[in-house]
Amino acid sequence: MAAERGAGQQQSQEMMEVDRRVESEESGDEEGKKHGGGIVADLSQQSLKDGVERGAEDPEEEHELAVDMETISLDRDAEDVDLNHYRIGKIEGFEVLKKVKSLCLRQNLIKCIENLDELQSLRELDLYDNQIKKIENLEALTELEVLDISFNLLRNIEGIDKLTQLKKLFLVNNKINKIENISTLQQLQMLELGSNRIRAIENIDTLTNLESLFLGKNKITKLQNLDALSNLTVLSMQSNRLTKIEGLQNLVNLRELYLSHNGIEVIEGLENNNKLTMLDIASNRIKKIENISHLTELQEFWMNDNLLESWSDLDELKGARSLETVYLERNPLQKDPQYRRKVMLALPSVRQIDATFVRF
């Protein structure tokens, strides 16, 4: 994300995307874990240090001396500006950036979103890991496509209804308790609200272009109000309070479903989700593999940490000819001394059992 175009911009975009996969991991998205690869784990590690939630930091950090923007030299012709971890305390002096398209201000000491009205060419704004309590003063940025205000102190989703070109919105690890004020964001393709205090899926009926929805690590008790999201391909609901798989009948394009760390007892409600390639139901209370024989495109099936006892249940997966990875560890059937051999015999296409690759 250097001030120059070309290779610098490409590297910038790759770094920010990988960072966001780390964010997705925080919301319980195993896809983020698979692809994140730890490339930039150190960037988010500062926020996760000792498991301290934002808003309860060391008081001394609150009084860290901010840098005066006058001491920072800005390239007036830059299209990509990266001021990551500069100890900036106030957004000011950026009006000279007439050509800027991507502005990264992550890991600073910013408390208020302000003085950005002149940056009307801005497409991407990254405010990850600051001290922002309110989304405000963004109305002029009507061309914005990517907005990241993760790891801040937000309590409400507000002040973004004019950002109608927004395609990706990241509000991970805040204190948000309700999904609201996003009905005008009809171009949105990715919505990441993991690690908040949300109790219900609501107010997303107009987001018909949404492809990825991440709501892991919240307090949601029911899968509902998803009918309009027929273009959804990824749904992450890990670490919530779900007890039943339901409300997915219209998600006919769903390819990845993450439901681990809930209170689900029965595999059901997936009759119309024939395109699933990834199903994660680990760490629930499920005793039986059932109702998924029609999921013939499955490539990964994660059901570790459940109550599975019967080997015959694996027959339910035999139609998935492309199945390569299964996680079944910490189920009662793993106690069988022939555990790995029996999995291999039942599912000959599998190349990875739990964390270990199959040897031939």
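Every residue gets a Cβ built from N, Cα and C, even glycine.
Ser44 is the residue among Ser44, Ser236, Ser312 that Swiss-Prot describes as phosphoserine.
Tertiary proximity for the repeat 'LRR 5' (165-186) is limited to same-chain residues at least six positions away from its ends with a CB under 8 Å from its CB atoms, namely 20, 23-24, 26-27, 47, 53-55, 128, 142-159, 192-209, 214.
Nonlocal intrachain contacts for the repeat 'LRR 4' (143-164), taken as residues 6+ away from its ends with a CB within less than 8 angstroms of a stretch CB, comprise 16, 20, 23, 44, 47, 54-55, 106, 120-137, 170-187, 192. When secondary structure is read from DSSP and collapsed to three states, Ser322 (phosphoserine) falls in the coil class. The DSSP breakdown of the repeat 'LRR 7' (209-230), given as helix, strand and coil counts, is 0 helix, 3 strand, 19 coil.
Less than 8 angstroms from the CB of Ser322 (phosphoserine) sit Thr277, Glu297, Leu298, Gln299, Ser349, each of them six or more residues away in the same chain. Here the repeat 'LRR 5' (165-186) is broken down by DSSP into helix, strand and coil counts: 0 helix, 3 strand, 19 coil.
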